[in-house]
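> Quick one: structure below, then a few questions.
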């Protein structure tokens, strides 16, 4: 924030502290009191000396830049994870042991260093990705700064300074605002230069229309929308000029408060449901690894520590450091085996693939974990303007005069955007417009300062959205026959252009808030001069004395016709339509010869807006229209889909209550005739509710209107406290804090501000609520697939742990070294696990209620299943190791072709005592092109010679895990009903994994690094014979699972009901 950030605290001790609006509600005081309080006059402004004093107190008019997290702290945070810590400990221990064994050098020395280096590499890459995500996470605050105005026109020392940097403004400065200006600070309007002032503040307050501002004070307790005499930093002047008094700067402004709320929300970001489960899993894994390591040491303590009993007490202790470190290495291997090192990479890959699928559906995911969180969304809190509605004003009803006095004609107008081709007018006499309809079209086209342009594929308004909507209506009305002539402009507003050519505009009577209408004088092609008027229906009708009927005839406006028009107006207003009336009259006699010249005597009357009401009198009323910000076409079905999927929809908007209620009824949040008195509250009313959580637990839809940023945040916070997983949508600056706080912040890509986008987890490229619903379905599908591969990887790790545990328990030589296990976990398991992410989604995925965020990834039954599978993996890998040493053939497969010597099982289990065996000799054997001889030391047969048995164990492990990936296609579905080819990617992944395994087997350098040798055809047959039964075992377990599913998945009480109880 610069100097002001440090000095703001000085306010407490300084007399000038009372200038801030925290203690002085400028909106509730008249202009004189404000000037007196801030010690300034609008004619002279502040003096240079006073500005310097106030700079010392308030600092610069800019938003604070929070202190960033140091790179060192960011690095430490990346290791704040149980699995990562275990890996780090394993890597350090491996490195120390490798260094200790390094004296021996040779092949085993190289192999020993590969493992810790690979683990360190994994941790470094993981930390780099984490740091990159962290440093990109807080751009929302920077985007807020872009919203701030850069320059301002200020009165200082009695002189106007036209381009003062906005950051130099202080409370008390007098600022002039013009059309198009961005408001540089929060300011009190002290004088209007034009007759009216309108400000677009929807991005801050959520209002769908520009707001008229006044100099009159309002109630001290008014909400932000009700402060009609205040303009706020970051908003834009769309109509009029004014003089303002700065009341708040920098972090004290409304946008500054939003900035603070974003910072606060960023500090309360929680882990995603999946990350919480993985952390819990990591803690359980730590405990299991500790127990198994302790057990392995206890089983093998006799090998490195022995003693004799003398007089009943242990004496003469013998300790073998070499053996101790060997079993320590086994413990490290256990840690490496138990941790699914490839899991973070596979999850990231699966989520990244999910983001690509979502991008095809117009949902752009900014933060990967949010893909998974979407799957358990229970509540969607949606903004109304721009999300459920188009944020493009459109005429939905046109009321014209009938063929006789006391009759009206009504036309429904289709369309929800500024595209003239979007929808048509129902029952419209195309090309045969009567005189009354022609007059309505003429007034709507010419008494209008807006335009519509095509920008890329979007139609956008230039000027007031309500006026742009009228021009779109004129295009839908078409041009009457007989008057049709070629337009010189191939514009999207062709008909408006033609009317403008027929009726030349010569003067404008600007809109003002007193008469609530706008008028234009035109020189008609018929030779007459007319005054065309549009404005609030009641005001225009009050100044009307006649009406124009269908055939163009003019009749006196009687009381019955007046009441009929007012009743129709009331009905349309109840439907949340904003109505505008149309009228015309001949110009007053003074203007009969007026041609727009400033020299004409009548021109003086146009210089004073106080004359406009008398000029716009004795009008002929011709009809009126109802406009609204229409709901998107797809939203009603999307909300119905949410209901089916068990997701509640809450609408939180800054717009007024009646408009929001009408839209909610139309889109299906509420039923058409439903009593919603307890479901529709303003933000203020909700804050006064005694039991807010009970209110939020109501089933069905809820509406919160006139909501401020703090209300949105409080609703999201309460829902999260109550265990809900909240997706929050929004497009404005006012939505950013709640977007940041929600589990999933969803911003609008087209209408959304950069602040909202940067605070969000996901951006909708099409601004469409229904896209969120599609994304939720995709999130559920991705989660189911992630469950499949997490189960697969964990079951594989259980098998590896079982293998090492059995090796240690049986006392046989170590079957697989840590670097081999690391290769399996990272490389060969990776492709099948990733391919499981491509499993096709269930057809009824959006007909099920959302899963609870505390649902277990691995149920007791699944754990039992994979313990059984894991035990088989352990038996198979250790079994094939023992078979090679003890059998010359197995299941008819000849294993003696390499010439290796056979030993008994008891010899294999007591291999450590080999040196004491008399006459023990072994024959040389071949593996690929290598020949292994043990003439000098036969006992090396159990160390160097185990390379073939170790290769068989590793190959069995790889093969079993490939076949086990087929088991993971479905939790309980048989491979008969869900054959492997439903997911061709899985078959490809299996081929890739086998291919990678062949590479390390048959490339000599890699074979040396991994401590393995090539296998013969018979040995491969043995591998397959031992591996394939894993499919049959799991098929039996799946059958049991299907038979007991009714018992295991007994219906649970819905969480909402639990909470209510």
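Cβ from N, Cα, C; glycine included.
Feature table excerpt (TrEMBL):
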type	residues	note
COMPBIAS	1-10	compositional bias 'Basic and acidic residues'
COMPBIAS	11-22	compositional bias 'Polar residues'
DOMAIN	25-99	domain 'Cation-transporting P-type ATPase N-terminal'
REGION	1-22	region 'Disordered'
TRANSMEM	82-100	transmembrane segment
TRANSMEM	112-132	transmembrane segment
TRANSMEM	284-305	transmembrane segment
TRANSMEM	325-353	transmembrane segment
TRANSMEM	789-812	transmembrane segment
TRANSMEM	858-885	transmembrane segment
TRANSMEM	985-1005	transmembrane segment
TRANSMEM	1020-1040	transmembrane segment
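Can you tell me where each of these features sits in the structure?
Counting residues of the domain 'Cation-transporting P-type ATPase N-terminal' (25-99) by DSSP class, helix then strand then coil, yields 48 helix, 1 strand, 26 coil.
Panel annotation: around the transmembrane segment (858-885), residues 281, 790-791, 794-803, 805-807, 810, 812, 815-816, 895, 900, 902-903, 905, 908, 946, 948-950, 952-954, 956-957, 960-961, 964, 967, 971, 1022-1023, 1026-1027, 1029-1030, 1033-1034, 1037, 1041, 1044, 1048 of the same chain, lying at least six beyond its termini, place a Cβ under 8 Å from a Cβ of the stretch.
Residues 823, 827-832, 834-836, 838, 928, 951, 955, 958, 962, 965-966, 969, 1012-1015 of the same chain, all 6+ positions outside the transmembrane segment (985-1005), place their C-beta atoms under 8 angstroms from a C-beta of that stretch.
Residues of the same chain lying 6 or more positions beyond the ends of the transmembrane segment (1020-1040) and with a Cβ under 8 Å from any Cβ of it are 865, 868-869, 872-873, 876, 879-880, 883, 890-891, 893, 895, 952, 955-956, 959-960, 962-964, 966-967, 970, 972-975.
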> Counting only residues 6+ away from its ends, which parts of the chain sit with a Cβ under 8 Å from the transmembrane segment (789-812)?
281, 292, 295-296, 299-300, 303, 327, 330, 333-334, 337-340, 342-343, 346-347, 350, 821, 824-825, 829, 832-834, 836-837, 857-858, 862, 865-867, 869-875, 877-878, 881-882, 908-912, 953, 957, 960-961, 964-965, 967-968, 971
> Where does the mean pLDDT land for the domain 'Cation-transporting P-type ATPase N-terminal' (25-99)?
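Mean pLDDT across the domain 'Cation-transporting P-type ATPase N-terminal' (25-99) comes out at 80.
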